[in-house]
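*Asks:* So that we are looking at the same thing, I have put the structure below in structure tokens.
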Amino acid sequence: MIDDEREGEIRASIEPATEDAPSSPGSSGYAGEGGDSSSTTSGSHFEIEHEEIQEDTRIEIDRISISDSHTGWIPGKRHFDEDDASLSWRKRKKHFFVLSHSGKPIYSRYGDEHRLAGFSATLQAIISFVENGGDSVKLVRAGKHQVVFLVKGPIYLVCISSTEEPYESLRGQLELIYGQMLVILTKSINRCFEKNPKFDMTPLLGGTEIVFSSLIHSFSWNPATFLHAYTCLPLAYAARQAAGAILQDVADSGVLFAILMCRHKVISLFGAQKASLHPDDMLLLANFVMSSESFRTSESFSPICLPRYNPSAFLYAYIHYFDADTYLMLLTTSSDAFYHLKDCRIRVETVLLKSSVLSEVQRSLLNGGMHVEDVPPMPHSGSSHLGQQMLPSDSPDRFKEVNSGIGGPSGLWHFIYRSIYLDQYVSSEFSSPINTPQQQKRLYRAYQKLFASMHDKGIGPHRTQFRRDENYVLLCWVTQDFELYAAFDPLAEKDLAIKTCNHVCQWIKDVENEIFLLGASPFSW
Amino acid sequence: MSLRRRTLLKVIVLGDSGVGKTSLMNQYVHKKFSQQYKATIGADFVTKELQIDDRLVTLQIWDTAGQERFQSLGVAFYRGADCCVLVYDVNVMKSFDTLENWHEEFLKQANPPDPRAFPFILLGNKIDIDGGNSRVVSEKKAKDWCASKGNIPYFETSAKEDYNVDAAFLCIAKAALANEHEQDIYFQGIPEAAVPENEQRGGCAC
């Protein structure tokens with residue numbers, strides 16, 4: 001489910017069907033609105049100090065109209081009937097806006113873009129006003145809110161957040177939203193604005209709302225969004241090798257990139273010689289594919305742009321789901337390669353079935369990856385596996401203690417390990433006491449903060465950081481080869497925590513064959 | 001982004017300070033009028049949704065400040081405008097005389113591809129004052145000016161009495177829609193998928 005960034009007391013539970021125009025003009029909170037075909041929506045004032053991002057005192061009822069037909073429900077776009085005059089809209093903790101340099105709205109996370117036209121104009125006025133002075137606005141703090149601006153040629157992106165995430169993180173998120181837009185449209189969109197400043201790009205983005213809301217959702221659960229690394233599905237070395245071999249085979253036949261994924265995790269990938277795939281591109285591509293329902297139902301061939309690879313041109317992606325979770329993406333530069341790619345897919349599928357990679361993938365999904373409970377008590381060498389869970393599930397050896405509430409040794413609750421050479425990370429499975437999505441989001445936010453502070457160019461770089469607050473002990477360790485982020489019980493002892501981190505690193509070394517894609521880093525060719 | 005095609009029009013309102021730009025806005029959008037004068041600082045933004053034939057149109061109205069000290073905001077404000085509403089006070093000659101400057105300044109800053117075809121509209125406001133006895137600009141004079149600018153539509157309005165306000169904005173919205181070119185240039189403009197420098201070897205095997 002999409003998460004909900006808001007304060008608890010206002011709860012708009014059921015969405016009205018809003019396929020057409022916003023149908024409830026009464027909800028914007030202005031008195032005296034007519035119910036006729038025209039309706040007032042908002043008035044904004046361009047005066048920065050009066051800019052009311054904080055909630056105002058207007059008494060307002062968040063009216064939810066329940067209509068009979070739910071056919072128009074658009075997944076991903078929520079609270080369609082809100083605008084900047086709605087108290088509920090103002091209370092949302094994190095807004096994202098995309099607008100054109102003429103102030104026309106392109107995307108808003110919450111509320112209806114057209115009804116936010118006045119707000120959008122205000123944002124443009126602020127940006128342009130500062131630009132007129134030969135400067136550019138990056139961040140405005142207003143009470144507990146941060147307003148982060150990102151200007152990409154004729155496209156302006158703005159985040160208004162009270163989540164206390166670092167500026168760098170929010171800016172990185174705006175970069176990803178812009179990247180996602182390029183995935184769909186390429187940078188050629190700039191030329192449309194050059195020719196015609198009035199250009200309205202919303203029709204070109206029709207139907208992609210879910211792609212953006214899914215990306216924004218991933219900011220709170222997917223560490224790839226701030227680590228700039230990808231993660232692999234844990235898999236026996238032989239199975240990953242088998243998958244890699246056939247992907248290499250098809251890549252040699254004129255495919256630019258061959259990528260086999262399970263949900264947002266990589267099973268294997270291969271690129272044509274010298275072609276490199278950036279982890280951010282993989283994130284955006286996987287998000288685009290996974291959030292678009294139509295890819296699941298049939299094989300597809302779609303123009304797609306990889307912004308880090310070449311922001312101004314389309315590639316063509318052949319996409320096919322082998323099962324509900326596992327999908328193959330074959331990328332090419334040729335717009336008429338569909339049948340060739342289809343043949344490639346059939347070859348890949350045959351090999352995957354023969355070597356039972358797909359069933360191993362399903363088993364890995366069930367068993368999960370690294371569990372903090374399985375961190376070996378002592379650093380040890382020799383052969384090691386991902387704890388017990390790599391054994392067949394029916395094995396009599398399989399026995400896992402359920403120590404709920406205890407976590408791993410020395411109160412270890414969770415860790416993320418990022419390999420710098422591989423551009424990959426591995427994250428432990430969540431376990432007690434980090435059980436709920438809310439707790440997980442909070443931990444990721446804490447990691448994000450840690451990441452930003454470790455990479456702060458002003459005061460860094462740092463090698464280690466130990467931080468204790470009422471929620472966790474956080475330990476971060478950065479070397480030339482890796483970065484380790486670990487969360488412990490807030491009462492954990494420092495020296496034991498450090499020792500445990502060493503164990504974790506040793507453990508990761510021992511099982512790297514199974515958790516990483518080795519020797520195939522897109523950057524290492 | 002709903003499935004139904006919706007159009008957003010950026011409307012710039014220009015004219016000397018005190019001619020009633022903000023009052024026209026308030027009357028049009030909020031159906032309110034206040035006798036009290038409050039100078040607009042920078043710009044106010046209001047939106048209004050209306051239906052024209054089968055199209056849903058949102059007017060994004062930029063109510064600008066008339067004072068000269070705000071004119072530096074020009075380019076940024078006028079960029080991408082779909083239409084421009086010029087306002088003067090029929091009781092103040094100077095506000096009519098400066099229309100020439102507003103018109104010229106707008107075209108200079110907004111730089112539309114075809115200035116002659118760009119949709120303007122002229123509103124002569126405050127016709128209610130003193131039963132029309134204090135008026136100094138005649139309707140004919142205003143219409144002559146409009147004719148000289150390529151037949152700009154002209155409306156006499158009263159924000160106070162809500163006279164002709166809706167009609168004027170409907171007119172400008174229609175003119176802007178008529179001027180809107182279908183935006184099909186994007187897909188023609190997309191270059192063929194080309195890979196930079198590292199062109200892959202070989203063609204496909206099919």
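Using the three backbone atoms N, Cα and C, a Cβ is placed for every residue, glycine included.
Heads up, here are the entries from TrEMBL:
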| type | residues | note |
| --- | --- | --- |
| REGION | A:1-54 | region 'Disordered' |
| DOMAIN | A:94-215 | domain 'FUZ/MON1/HPS1 first Longin' |
| DOMAIN | A:254-347 | domain 'FUZ/MON1/HPS1 second Longin' |
| DOMAIN | A:411-511 | domain 'FUZ/MON1/HPS1 third Longin' |
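Can you walk me through where each of these features ends up in the structure?
*Replies:* Across the domain 'FUZ/MON1/HPS1 third Longin' (A:411-511), the model assigns an average pLDDT of 92.
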*Asks:* What is the number of residues in the domain 'FUZ/MON1/HPS1 first Longin' (A:94-215) that are helix, strand and coil, as DSSP sees it?
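*Replies:* Its residues divide into 56 helix, 31 strand, 35 coil.
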*Asks:* With DSSP, how much of the domain 'FUZ/MON1/HPS1 second Longin' (A:254-347) is helix, how much strand and how much coil, in residues?
*Replies:* 27 helix, 32 strand, 35 coil
